[in-house]
Amino acid sequence: MSLPEKAFPVSWDQFHRDARALAWRLAGANKGQWKAIVCITRGGLVPAAIISRELGIRVIETVCVASYHDYTSQGQLQVLKEITPALLVDDGAGVLIIDDLTDTGKTAGIVRAMMPKAHFATVYAKPKGRPLVDTFVTEVSQDTWIYFPWDMGFTYQKPIADDHAG
Ligand SMILES: O=P(O)(O)OC[C@H]1O[C@H](OP(=O)(O)OP(=O)(O)O)[C@H](O)[C@@H]1O
Ligand code: HPA
Ligand SMILES: [Mg+2]
């Protein structure tokens with residue numbers, strides 16, 4: 001297992017602020033009028049909850065995709081549950097697709113193909129995935145791993161000087 005060079009840990013508070021910032025941007029797009037949210041599980045569940053609250057969207061659908069089976073290594077992408085046909089009309093126009101991040105862009109590419117006219121939004125984006133999303137909040141470099149608060153717990157931190165002792 002190879003770990004990306006840099007770490008970008010995100011606290012619950014920071015994630016809430018960043019997801020709210022995404023909601024502000026989305027309120028300005030499509031006049032804030034969305035038919036429904038399609039949330040890409042599982043990572044999209046938390047931002048979808050925050051955005052649905054901020055924008056008053058009550059219809060929430062899931063598309064269930066899994067690709068990172070072993071922590072940081074990506075495997076075969078599996079679609080475990082498809083989008084309800086009711087939302088696929090008119091290629092998904094007026095629908096908001098939400099995920100926590102786009103990395104290589106593979107997940108975004110697969111879901112975009114299901115709804116080419118939907119608006120795709122993520123909280124974070126890495127350069128390879130960035131061209132596939134319409135709206136995001138923060139870009140992080142490709143060699144960075146984003147640590148989400150739901151994947152973390154409190155642990156002891158070594159003093160910075162311990163790694164710089166000469
Ligand atoms: O741009 P990509 O390289 O495709 O990676 C991005 C996807 O990877 C993660 O999901 P994951 O498959 O790990 O499942 P999870 O959301 O259930 O954690 C993340 O939540 C995105 O959906
Ligand atoms: O940087 C990441 N962090 C968490 N999950 C991910 N899935 C793909 N890339 C990432
Ligand atoms: Mg995911």
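Even glycines carry a Cβ here, placed using N, Cα and C.
Bear in mind that TrEMBL entries carry predicted annotations, made automatically and left uncurated.
DSSP gives Leu101 (5-phospho-alpha-D-ribose 1-diphosphate binding site) a strand state. Residues or ranges marked as 5-phospho-alpha-D-ribose 1-diphosphate binding site in TrEMBL: Arg42, Gly43, Asp99, Asp100, Leu101, Thr102, Asp103, Thr104, Gly105, Lys106, Thr107.
If you look up TrEMBL, you'll see Asp100 marked as Mg(2+) binding site. Cβ neighbour count for Asp100 (Mg(2+) binding site): 23 (other Cβ atoms within 10 Å of its Cβ, all protein chains included).
The annotation xanthine binding site is assigned in TrEMBL to Asp103, Ile146. DSSP gives Ile146 (xanthine binding site) a strand state.
Sequence annotations record features per position, and here TrEMBL assigns guanine binding site to Asp103, Ile146. In sequence order, Phe8, Val10, Leu101, Tyr124, Val140 are the residues near Ile146 (xanthine binding site), counting only same-chain partners six or more apart with C-beta under 8 A.
Of all Cβ atoms in the shown protein chains, 16 besides its own fall within 10 Å of the Cβ of Lys106 (GMP binding site). Positions annotated as GMP binding site by TrEMBL: Asp103, Thr104, Gly105, Lys106, Thr107, Trp145, Ile146.
Sequence annotations record features per position, and here TrEMBL assigns domain 'Phosphoribosyltransferase' to 11-155. Across the domain 'Phosphoribosyltransferase' (11-155), DSSP helix (H, G, I), strand (E, B) and coil residues number 52 helix, 48 strand, 45 coil.
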Sorting the binding-site residues Arg42, Asp99, Asp103, Gly105, Trp145, Ile146 by sequence and keeping only those with a Cβ under 6 Å from ligand 2 gives Asp103, Trp145, Ile146
Let me make sure I understand the span of the GMP site: among Asp103, Thr104, Gly105, Lys106, Thr107, Trp145, Ile146, what is the greatest distance between any two Cα atoms, in Å? 17
Between Arg42 (5-phospho-alpha-D-ribose 1-diphosphate binding site) and Trp145 (GMP binding site), the C-alpha gap once rounded to whole angstrom: 17
Thr107 (5-phospho-alpha-D-ribose 1-diphosphate binding site): tally of other CB atoms within 10 A of its CB: 26
Across all protein chains shown, the binding-site residues Asp99, Asp103 give the max Cβ-within-10 Å count at Asp99
Quick check on the binding-site residues Arg42, Leu101, Thr104, Trp145: which one has the highest count of other Cβ atoms within 10 Å of its Cβ? Leu101
